[in-house]
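First the structure, in the form of structure tokens, and then the observations on it.
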Amino acid sequence: MVFFHYCVMSNYFWLFIEGLYLFTLLVETFFPERRYFYWYTIIGWGTPTVCVSIWALLRLHFDDSGCWDMNDNTALWWVIKGPVVASIMINFVLFIGIIIILVQKLQSPDIGGNESSIY
């Protein structure tokens with residue numbers, strides 16, 4: 001179950017990293033990828049590792065009964081659910097920001113000229 005929750009959290013956090021990467025590409029003109037790549041890796045792999053490790057230790061000490069697939073203690077479950085929900089909400093805000101930036105770029109006077117300027 002620990003590995004399963006780690007894989008699920010990693011999927012959500014790498015989805016968040018993809019949104020953050022796209023937002024950073026649109027916002028910054030000169031993008032030093034190496035500087036951010038290190039942080040993306042830490043967030044994408046490290047945050048799920050920390051959260052699942054904390055959840056496993058708390059589950060081992062406070063709710064180690066039967067199968068760990070059942071979540072009777074909802075307070076412990078929020079150690080995993082909280083960061084996932086936060087990453088989804090931040091990713092949604094980044095999505096709205098990306099849409100706003102793209103709409104502004106499409107409505108700029110440089111692009112809105114005659115039809116030949118598009119091609």
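Using N, Cα and C of the backbone, Cβ positions are placed for all residues, glycine too.
Keep in mind that TrEMBL annotations are predicted by a computer and have not been checked by a curator.
Residues annotated as domain 'G-protein coupled receptors family 2 profile 2' in TrEMBL: 1-119. What TrEMBL records for 12-31, 38-58, 78-103 is transmembrane segment.
Listed by sequence, the residues of this chain that lie at least six past the ends of the transmembrane segment (38-58) yet keep a Cβ under 8 A from its Cβ atoms are 2, 5-6, 9-10, 13-14, 16-17, 20-21, 76, 79-80, 83. For the domain 'G-protein coupled receptors family 2 profile 2' (1-119), DSSP puts the residue distribution at 93 helix, 0 strand, 26 coil.
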